[in-house]
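Below is one structure, written out as structure tokens; the observations come after it.
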Amino acid sequence: MDLEISTQAKLPTRFGDFVIQSFLQKSPQKESVPQAHFANQPKEHLVVLSENLAKILAQNLQSFEQNHKQDFGKQNFKKVDSSQKDFGNIDSTNVCQKTFSDFTPLLRVHSECLTGDVFGSQKCDCGGELALAMQKIAQSDREGRGGLLIYLRQEGRGIGLFNKVNAYALQDKGYDTVEANIALGFSSDDRDYSIVGGILEYYGIGEVELLTNNPKKIEAISRFVRVKRSEIIIEANKHNQKYLATKKAKLGHLL
């Protein structure tokens, strides 16, 4: 996997203060679906770190870079040079004294949903899950723990925005979310979580409390780190009741 890693920046939000970093995935995640031209394009994923966790990761990152000097600038990891010597604009000499032996960081792996995350679509629970995850991570940080959100560019369970809109049109005609994707020539879920392993390795994280209702996501992340699962439940509305029922019945979500 060919990753290019950005420098870091502060991100103040309505939930709390965070630190962000982008991971550019140059190699395609998979090419199982010919129609998904976007799958062959570079993807810019985003990691949102709570401030407390970012301070702890400063120590882990220094150790990682020391042990993987041969990787940077080569095929695996390429770190963009920066004149800043700190970690996310946080003084690396003033790091938090806690380590990962003291707590398990919260993790939300969230696949992009433009309609839900940005425009507030009520056809799904994605926007609500994103907001709740940010709230939980910010609260965890205030309690002296911390967490991170990995935002993956996998719109429409991996089929892309163009195809997702076509799937939405089929849902308007009575198809459920799984039937719509399959009718367009895709599987029920075309997402790939392999990049998560690289991101967690980069930060030196070996155990997480995963915010999810998706057993397949638990299984996927468990290939890389030890996982404890915590539910993330959003109240249903009249527009997404069928969607949530389908996720439970056909995708096995723990709802």
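Even glycines carry a Cβ here, placed using N, Cα and C.
All TrEMBL annotations are machine predictions without curation.
Owing to the predicted nature of the structure, the values given are computational and were not obtained by experimental measurement.
Noted in TrEMBL for the protein shown:
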type	residues	note
ACT_SITE	Asp189	active site, proton acceptor
ACT_SITE	Arg191	active site, nucleophile
BINDING	Arg108, Val109, His110, Ser111, Glu112, Glu155, Gly156, Arg157, Thr177, Thr212, Lys217	GTP binding site
BINDING	Cys113, Cys124, Cys126	Zn(2+) binding site
DOMAIN	84-224	domain 'GTP cyclohydrolase II'
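With a 10 A radius on its CB, Gly156 (GTP binding site) counts 27 other CB atoms from all the protein chains. In space, Asp189 is the closest of the recorded positions Cys113, Cys126, Asp189, Arg191 to Thr177 (GTP binding site), judged by Cα positions. For Cys124 (Zn(2+) binding site), the nearest neighbour among the listed binding-site residues (Arg108, Gly156, Lys217), judged by C-alpha distance, is Gly156. Ranking the recorded positions Cys126, Asp189, Arg191 by the distance of their Cα atoms from the Cα of Glu112 (GTP binding site) places Cys126 first. His110 (GTP binding site) has its Cα within 10 Å of the Cα of these recorded positions: Cys126, taken from Cys126, Asp189, Arg191. Here the domain 'GTP cyclohydrolase II' (84-224) returns a mean pLDDT of 89 for the predicted model. DSSP gives Lys217 (GTP binding site) a helix state. In this structure, the CA atom of Gly156 (GTP binding site) is 7 Å away from the CA atom of Cys113 (Zn(2+) binding site). A Cα-Cα distance of 15 Å separates Arg191 (active site, nucleophile) from Arg108 (GTP binding site).
Once the Cα atoms of Arg108, Val109, His110, Ser111, Glu112, Glu155, Gly156, Arg157, Thr177, Thr212, Lys217, the listed binders of GTP, are compared pairwise, the greatest separation found is 22 Å. Rounded to a whole value, the Cα-Cα separation of Arg108 (GTP binding site) and the residue listed as 'active site, proton acceptor' is 18 Å. Excluding Cys113, Cys124, Cys126 themselves, the residues of that chain whose CB lies within 8 A of the CB mean position for the Zn(2+) site are, in sequence, Thr115, Gly116, Asp117, Ser121, Lys123, Asp125, Gly127, Glu129, Leu130.
A Cα-Cα distance of 15 Å separates Cys126 (Zn(2+) binding site) from Lys217 (GTP binding site). Cys126 (Zn(2+) binding site) has a Cβ environment of 19 other Cβ atoms inside 10 Å.
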